[in-house]
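Asks: The feature domain 'Homogentisate 1,2-dioxygenase N-terminal' is assigned by TrEMBL to 114-233. Here TrEMBL flags 235-388 as domain 'Homogentisate 1,2-dioxygenase C-terminal'. Taken from TrEMBL, the feature active site, proton acceptor applies to HIS246. Per TrEMBL, the feature Fe cation binding site maps to HIS289, GLU295, HIS325. Under the heading homogentisate binding site, TrEMBL lists TYR304, HIS325.
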Amino acid sequence: MAGLKYMSGFGNEFSSEDPRCPGALPEGQNSPQVCPYGLYAEQLSGSAFTCPRPANKRSWLYRILPSVKHKPFIAAPCGDLTENWNEVEPDPNQLRWLPFSIPTPTKKKVDFATGEILITTEFGKMLVEPNEICVIQQGMRFSVDVFGATRGYILEVYGAHFELPDLGPIGGNGLANPRDFQCPVAWYEDRHVAAGYTIINKYQGKLFACQQDFSPFNVVAWHGNYTPYKYNLTNFMVINCVAFDHADPSIFTVLTAKSTRPGVAIADFVIFPPRWGVADRTFRPPYYHRNCMSEFMGLIKGHYEAKEEGFQPGGASLHSIMTPHGPDVDCFEKNSRAELKPERVAEGTMAFMFESSFSMAVTKWGLQTCQTLDKNYYQCWEDLCSHFDPSWRPSKQ
């Protein structure tokens, strides 16, 4: 898969055609009476037609057969997927999950598994490697090939598309730079299978399946700004405090899905990458916090600075709206006395956070059935003790 090619940019007006069919893109119009090579023109709209130009998302696909040609959808087994958020009572406690075990060939397959994956889409192919993210936008058909044990995290966003955060006084460059995002180039297969292809569709919280005898990846050429894409987290240009105090984690935002309220996100994707810590007179790890946002954290690799024990790669934590959280006792005691000199932070580590203005309900499967919920999580703060000294006085200057 080393030969896969990509186009660079974020939200660009891209155009691509499979080199096996040069000239497959119509010239000067989107829907000619007869398309080159006898293809069908099909538009995929990711926004309302009348959205302002900066928010208007659509792509034109030129395919061997249109996606409308399929047998009727029928209900498909949902497994552990559910739209029933009332199976269990809400839990406002700090929650942490241990990593799911990676299955052996003799065990039943699970949802999370570590390694590169090949994602085939209607727009082309992407090889997504560890420490990379991939965004598949609403309505895009795709399949995933794995090469051995594979583990990952998934976020599904409703109501908005991800975009790059505004940089404000940072300027024109920094954080996730647009040029580092990669979009696939057109690739098609003209393939018919007697047994049929199964298309799985999620609709109103349930899964449905339909059959068709031709490959859904039959797009010979396409153009537009509504595409899948991937991004390597090592390319993130980190902003950090260089004087004193601990800056808010919003400085590590890679992507944001904005709500209608300015500055408030449906979802932010935030990372905590390797960086320098140089703040003077400062408790450098994350501060103790109660938040009007929900914070779901995961660890891709390494050790998270605020909780070096217990929070493991492949695991997760959820700190719900206004649920207190912060460094464990070992982190607090160590960093309250540490010599403050320039040091590398999170070397060999990549933690991330899905932050949302919405409250996150946890399913019965997440609280009980999965059996990976760490019931002892609260104990990491149990030994915090009072350091209050009423006799302390400010030193005279």
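Cβ coordinates come from backbone N, Cα and C, glycine included.
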Asks: Distance check, please: Cα of GLU295 (Fe cation binding site) against Cα of TYR304 (homogentisate binding site), rounded to an integer number of angstrom.
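Replies: Rounded to the nearest whole number, the Cα-Cα distance is 15 Å.
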Asks: Could you round the CA separation between HIS246 (active site, proton acceptor) and HIS289 (Fe cation binding site) to a whole angstrom and send it over?
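Replies: The Cα atom of HIS246 (active site, proton acceptor) is 12 Å away from the Cα atom of HIS289 (Fe cation binding site).
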Asks: What Cα-Cα separation, expressed in whole Å, is found between TYR304 (homogentisate binding site) and HIS325 (Fe cation binding site)?
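Replies: TYR304 (homogentisate binding site) to HIS325 (Fe cation binding site), Cα-Cα distance: 14 Å.
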Asks: If you run through the domain 'Homogentisate 1,2-dioxygenase N-terminal' (114-233) with DSSP, how many residues end up as helix, strand and coil?
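Replies: Secondary-structure breakdown of the domain 'Homogentisate 1,2-dioxygenase N-terminal' (114-233): 7 helix, 56 strand, 57 coil.
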Asks: For the recorded Fe cation site, enumerate neighbouring residues of the same chain (Cβ within 8 Å of the Cβ centroid of HIS289, GLU295, HIS325, site residues themselves excluded), in sequence order.
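Replies: Here the non-site neighbours turn out to be PRO286, ARG290, ASN291, HIS319, THR323, PRO324, GLY326.
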